[in-house]
Amino acid sequence: MTGKKSSREKRRKRSGQEAAAALAAPDLVPAVGGSGSGSTSGCGSASGCGSVTCCGNTSVSGSVTGGGSGGSCWGGSSVERGERRKRRSTDSSSSVSGSLQQEAKYLLPPLEKELFLAEHSDLEEGGLDLTVALKPVSFYISDKKEMLRQCFCIIGEKKLQKMLPDVLKNCSIEEIKRLCQEQLELLSEKKILKILEGDNGMDSEMEEEADDGSKMVSDVVNQQDSCVDSTSSLRENKQPEGLELKQGKGEDSDVLSINADAYDSDIEGPCNEEAAAPEVPENTVQSEAGQIDDLEKDIEKSVNEILGLAESSPKEPKAATLTVPPPEDVQPSAQQLELLELEMRARAIKALMKAGDIKKPA
């Protein structure tokens, strides 16, 4: 009995020492918590005793000192390592996603870097604010200066320098804007709209010239139509005037016919005399001089009669004078002028024909 008691006391002392050692080692405590709880078999293996009562007394210490508890400690450390790796991977993924733009700045070439920065900024290179509602360029067609400014904001200075030809590479932006403004002022709004729509400049010029030509042709046609209408209206107005003149001024036509007959007789008389005596040149000269004088007098008389300035002859009927009295201080009408011109032409033609007939036998 005394031997059993002494062995029990020794075991209790050992278990107390092991518990104190477990409390003294802080790194091993989380391993115990990570393993959940110690197994009774591990405690039995650590104590070297096969009895269950011994394991029940020192369940915590057995779990720490046993072989099984040692395996659980190693398993807990591996789990912690896995969790640390997961945390590192999540931290690295978040850091990669957060520093993607910074890494892209160093990895992309210069041109792609500019495009990347332009996409991730609210202000473009030329100063165009993307937060403001955009409007088409044709919206500013009434204000060409503002339209030019919007175009330069869209393009940007660096892009413009790349797009410029070699002739304008050395020009400043202000000078290029001034040149563009001068060229823009020369263009019409219609042509600017066609250029913005993508039409070729030559095609638009040809279309404008065709439009101008068609307008000119239409204007000429309208003028011709108006002239035709005016002439037709004049003719229609002249026809009743001619009838009135024929009806009301029968004495004028009679006088003209009488004068014409007298003129013809005057021309025929000297012609016959000249034909009868061709050998006498003096008579022919005198007859020609008298013919010219008679012609002038006859023309003056006919003009006065047509214009209504000559005195009415006593032989004219009174009814005619009553119906159409000779107007005084009245401008000649177009019909009267036409009649005068026709009579003078007819007499001139007759005179030329007679003169030709006189020269032939001579």
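Just so it is clear, glycine is given a Cβ too, placed from its N, Cα and C backbone atoms.
Worth saying up front: this structure is predicted, and the values here are computed from it rather than measured.
Taken from Swiss-Prot, the feature coiled coil applies to 282-312. The compositional bias 'Basic residues' annotation in Swiss-Prot covers 1-14. If you look up Swiss-Prot, you'll see 19-32, 273-282 marked as compositional bias 'Low complexity'. Annotation source Swiss-Prot lists compositional bias 'Gly residues' at 33-44, 65-74. The compositional bias 'Basic and acidic residues' annotation in Swiss-Prot covers 235-251. Residues or ranges marked as SUMO2 cross-link by Swiss-Prot on the basis of similarity to another entry: Lys105. Per Swiss-Prot, phosphoserine is recorded for Ser89, Ser121, Ser204, Ser313. Look at Swiss-Prot and you will find Thr90 tagged as phosphothreonine, backed by similarity to another entry. Per Swiss-Prot, region 'Disordered' is recorded for 1-44, 65-101, 226-251, 269-291, 309-332.
Look at Ser89 (phosphoserine): DSSP puts it in a helix. Per-residue pLDDT, averaged across the coiled coil (282-312), gives 62.
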